[in-house]
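Everything below concerns the one structure shown next.
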Amino acid sequence: MAKWSTKLLPLLLLVAAVAAQQEELSSSDYQRTLQLRQLSAKFFSHFQNITLQDLMPANVRLRIPSAQDLKCVAELKAVTEGLSSGNIWAMRMLDAWGSLPSGLLYGNYRDLGNYDECVKIDHALSSSQQLRGKYCFASLPVAKALGMSSIPYNVKIAVCFPSSCTGTHMNILINQLIQRLLNVEFSGQLVKDTSCKTAEREPLDGWAIFTIVILAILGTALVLATLYDYFLCSNQNEMPALVKVFSARVNSRALFRIVDSKTNPNVIDCLHGIRCLSLMWVVFGHDYIMAGRSPNVNTVNIFQWLQQPFTQLIVHGFFSVDSFFFLSGMLVCMIALRIIHKQRGKMNVPLMYLHRYLRLTPMLALLILVCLKLQPHLGDGPLWGILKFDNYSSCERTWFWTLLYVQNYATSEICIGHSWYLAVDMQLYILSPIFLFALYKWGKKAAAGIFLFMLLLSACLFSEMVIKKYSMNIINKSTPANSQIKIYFATHTHAAPWLVGFLFGYFLHLNRGKSFKLNRISVWLGWLLSLALLMASLFALYPFSQSNGPTLTNLGDAFYMTLTRIAWPLGLCWVVFACMHGYGGLANSFLSSPMWQPLSKLSYCAYIWHIFVTESNWGRMRTNSYFSDYDLMLRFWADFGFTVLMAYLMYNLVEAPFGSLESLLLPSGRSRSPPIAPVEVKLAVPENVDSAPPLEPKLPVPEVEIPPTGKTENHTSSS
């Protein structure tokens, strides 16, 4: 859940403006605006006798017409003649247009027309000339015509015209028509070429072909290894190493293997449930972001939705990320300290870094290639490539920062927006040996120093928010535009939950094997305090979300962000502790259910690919949607289901094979070094190190990888 404010603030401004000005509408202005309900018919009627002069801007009447100008005029004339003759292809071009949407005063500001009807127009004007349809959005100044000057958006209506005409041509023509119909002078760009689409597709470039070849090679290896395993290999112990690496049968067996904490004391079952619920929370929140930016017939309802208690779970979805940081810090500390003690204070730090980098990077690199080069070719629709989280064209310039895991500081144009989490977790992971060796050498004194360091970072966050007036509150209109990047993407602002988890992991390490006997009052107090911290983090700002509620000050916002960075992971500390020592009750039964283990191992793949799946599903929209919690829940299960399927495919195609190859090439590294390397959760347990099962069951891969990804079989146990 990145960039909540930057994604939703424009929408909130629109909703608030409409809600405030609906009572001020002029009846005559509204009646005049209704002429746009027949925009397509009025357009072709007005330009029935179109000439080259109509394509010339008012201030450039003497420009020499280009060949494209001539072709555009000729094809527009052909359309108007076709309409007069009743030709079906011409009628389809007119029929594909949108119109002024019904429910305009209810927040319905977009009419998508009929995309497929438009782009599939392909009529032969002659043996050498084809007239094809081009679909674009016209951004019309209806708000200005209605006297609603504070509304920041225009109404967007789909238009369809010959592909030989450019957005500039249509902008000139529609501008003339709008000025005549609405009597409104408008100097802006009504039709932009970036909003236009045709049936033609850009040819695959070299990198796109390279990506397809890579996927084909991996897919072929997967199929051949699986067939060999299934039909030709009767003894699993005699299976060739490379077959084990790529066999979906072997990897799936490891994925669905359930580890019982009764047989493995290093397993903490409840971590699986926490990790999976956090992953689901992330996907759920991103669906709401997409819903808020999609064409809704009831945008005004979002204003009431923002004032509901349930909305706080969505608006504060960034706590799911803090849950991952908490788990990551805890697992890194527990697993690494166990390894350091076994090796008497030694740890191969370079190998640890290499292990983690090799575990995370192949999947991330493939995602960059797919999103940048293949996704544009994988679907179409009026919103395809428009309704999305990131501008992937920035990957052309900043992909290397992403693969170096410094994109959250090195650039403001992050390639793959949700990869900021990987950068933060990787950077904290790189710093972890300093804390680990300090704990090993100085024990509780070092723990106290880490605690003070955490308080210092929290003070820095507080000071930065107060001095620079940064805010994470989506209702705050005065916050600087870059506050989300400065606060949300920065490593030092997310260090607190990671360090709380790290210190809690140290506590569990010191008390491993011990049994805590607590009386009933202590258990109740523990749960009450934990729930109070978690609920306060989620709902403390609820009164400020009300239309008649108090205004959140910059100082209050700073206190909230600073304190909840610590309060949320502290609440999780008790949940984990209670579940480990038999005081979890129903919570432990739910969080420790074996059903979470396979999904937990897929969490890294799911986190990496869920944005791709979400964008692909939403980008295929052809009609307006209805915004409601129930409809979003239905949408969530569809997106989450496909995300899990995609994660399973990529687990077998990339994560498990590359993880096993690493075990094959660096066998001693896995057993000796601290692949503490966790970064485990990555919002979704990003590192998933364990997701890739070791080639040899005897290899101590679980310990090493579990932490990072929280996905290994033992992982959750993480120890």
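Keep in mind that glycine also has a Cβ here, set from the backbone N, Cα and C atoms.
The signal peptide annotation in TrEMBL covers 1-20. Per TrEMBL, the feature domain 'Nose resistant-to-fluoxetine protein N-terminal' maps to 69-198. Look at TrEMBL and you will find 207-231, 313-337, 357-375, 420-440, 447-467, 487-509, 521-542, 562-583, 632-651 tagged as transmembrane segment. The annotation region 'Disordered' is assigned in TrEMBL to 690-719.
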Positions whose Cβ lies under 8 angstroms from the transmembrane segment (447-467), at least six residues beyond its ends: 435, 438-439, 486-487, 492-493, 495-496, 499-500, 502-503, 506, 554-555, 557-559, 561-562, 565-566
Stretch among 313-337, 357-375, 487-509, 521-542 sharing the most Cβ pairs under 8 Å with the transmembrane segment (420-440): 313-337
Cβ-based contact of the transmembrane segment (562-583) with the transmembrane segment (207-231), 3 or more pairs under 8 Å: no
Long-range neighbours of the transmembrane segment (521-542), counting only residues six or more past its ends (CB under 8 A): 309, 312-313, 316, 319, 473, 552, 560, 564, 567-568, 570-575, 577-578, 583
Leading stretch by Cβ pairs under 8 Å, where the reference is the transmembrane segment (207-231) and the options are 313-337, 357-375, 487-509: 357-375
The domain 'Nose resistant-to-fluoxetine protein N-terminal' (69-198): DSSP-derived helix, strand, coil residue counts: 56 helix, 29 strand, 45 coil
